[in-house]
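Here's what TrEMBL has on this protein:
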- 19-113: domain 'XRCC4 N-terminal' (DOMAIN)
- 143-191: domain 'XRCC4 coiled-coil' (DOMAIN)
- 193-255: region 'Disordered' (REGION)
- 224-237: compositional bias 'Acidic residues' (COMPBIAS)
Amino acid sequence: MDSARHTCLKLQIPQNPHPFFIKGTWFPSHFNLSITDGLDAWTCNASEEEVKERASNWDQPTSEYIDLSERYLGFQQPDSIYGFADAAGGNKRLSWTFKKEGTKLEWRWKFKPAEDSKKITAGILDFLMDANIRLSEEVVMKTKSNEKLKTEAEKCLAQSEKFQNEKAEFETTIYSKFLGVLNSKKAKLREMREKMSNQENNVKSEEEEEEEHEGESSDRTETFEGDSEDDDVEEDTATNVTSTSENKPRGRKRK
């Protein structure tokens, strides 16, 4: 019994102005159904043999047949055509359609009149009331949970905004300090470049002055040496001339 699942479907059929309520109890190998229109009730207890035979006729395993039946009798499917028509002997026949591999199929199950319609109807109403209470409690719990989550979300949002503002202030402060240090470094670099440039200019000026002095000195030396050589030549010439005049015979003596 612990493995049983329970469903209750409010079935609206176009041919009938009043809805039907279908309660299903689903087991691994069989299921029980009960239907009421508020006045009369009908029941269908599908045994394991019947379910197995139906599943075999449709080339399905029993579990798949039960799951598909629960799908269409636990929730009304908009693409399915439901019917609840009279059958022989005061019985009723519940039918629904579905498509499988592009083929439209119809399943039917026969219901017999309930021995105690009031009991069946009361049981369905009790199930609906209990389900409504459970849903109401879940709604209340989820509402409280959502409110709590909303409050926590607002706190997290406020903290996030605070952290974002503090981050922006921190980044602004750090950027200002970094910018000041960077500008100071740039100014020092400019000063160093200017000093190096001035030193290079001074060195070049000194080298140019030295080159000019050396050029002047070399010019003077060359001039002086040229004069000395001329003097020596002149002196040598004069000496030669003197010596020549001294050695030259003055004339023959007459005998």
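Glycine too: its Cβ is placed from the backbone N, Cα and C atoms.
Residues of the domain 'XRCC4 coiled-coil' (143-191) grouped by DSSP class, helix first, strand second and coil last, total 49 helix, 0 strand, 0 coil.
For the domain 'XRCC4 N-terminal' (19-113), the DSSP-based tally of helix, strand and coil residues reads 26 helix, 44 strand, 25 coil. Confidence in the domain 'XRCC4 N-terminal' (19-113), given as mean pLDDT, stands at 93.
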